[in-house]
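Worksheet: one structure, shown below.
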Amino acid sequence: AHTIGVAHCGTFSRRLYNFTGKGDADPTLDPTYADFLRKQCPNPANSKTIVEMDPKSSRSFDKHYYHILRQNKGLFISDAALLTNKESESMVIRLQRSRGLFFAEFARSMRKMAAIDVLTGKDGEIRRNCRVVNP
């Protein structure tokens, strides 16, 4: 889903300014892309500033995300994590190279998510704000 849309600087600024708690950047992030992001998102992060999740293709639902991911330009730590194990990296490569696989796999994942039962009452809740538990 990171192929489309934008993200607020605060959701990824740790990768740019304090990745290990020593004021450093994530070494897996492409240095040129990290410099670009730092220009867009100075420290401390402005919660209103946004950047594209999939540079140059953030308005298109396409497989371009996998291309930038393999260039170490995934915006989030979770993006970079896809390249840290052979199985997920292999899937990234297949999704990048195949013409229709991305759309088929995305549809399959949406069907699986739709089958997840919603927990309500004492078992769970539908959050009014996804970042915090309801009061």
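Just so you know, glycine gets a Cβ as well, placed from its N, Cα and C.
Per TrEMBL, the feature domain 'Plant heme peroxidase family profile' maps to 1-134. As annotated by TrEMBL, heme b binding site applies to H2. What TrEMBL records for T3, D54, D62 is Ca(2+) binding site. What TrEMBL records for C9-C41 is disulfide bond.
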Starting from the Cβ centroid of T3, D54, D62, which together make up the recorded Ca(2+) site, report each further residue of the same chain whose Cβ lies within 8 Å of that point, ordered by sequence.
H2, I4, S57, S58, S60, F61, K63, H64, Y65
All-chain count of other Cβ atoms within 10 Å of the residue listed as 'heme b binding site':
18
For each of the binding-site residues (D54, D62), count the other CB atoms lying within 10 A of its CB, then report the residue with the highest count.
D54
For T3 (Ca(2+) binding site), write down the residues of its own chain that are at least 6 apart in sequence and whose Cβ falls under 8 Å from its Cβ; none is a fine answer.
M53, D54, S57, S60, F61, D62, K63, H64, Y65
Suppose you look only at the domain 'Plant heme peroxidase family profile' (1-134); what would the mean pLDDT be?
90
Around C41 (disulfide bond), how many other CB atoms lie within 10 A of its CB?
22
Taking the Cβ of C9 (disulfide bond) as the centre, how many other Cβ atoms fall within a 10 Å radius?
21
Cα-Cα separation of C41 (disulfide bond) and H2 (heme b binding site), in Å?
19
Between the residue listed as 'heme b binding site' and C9 (disulfide bond), how far is it from one CA atom to the other, in Å?
15
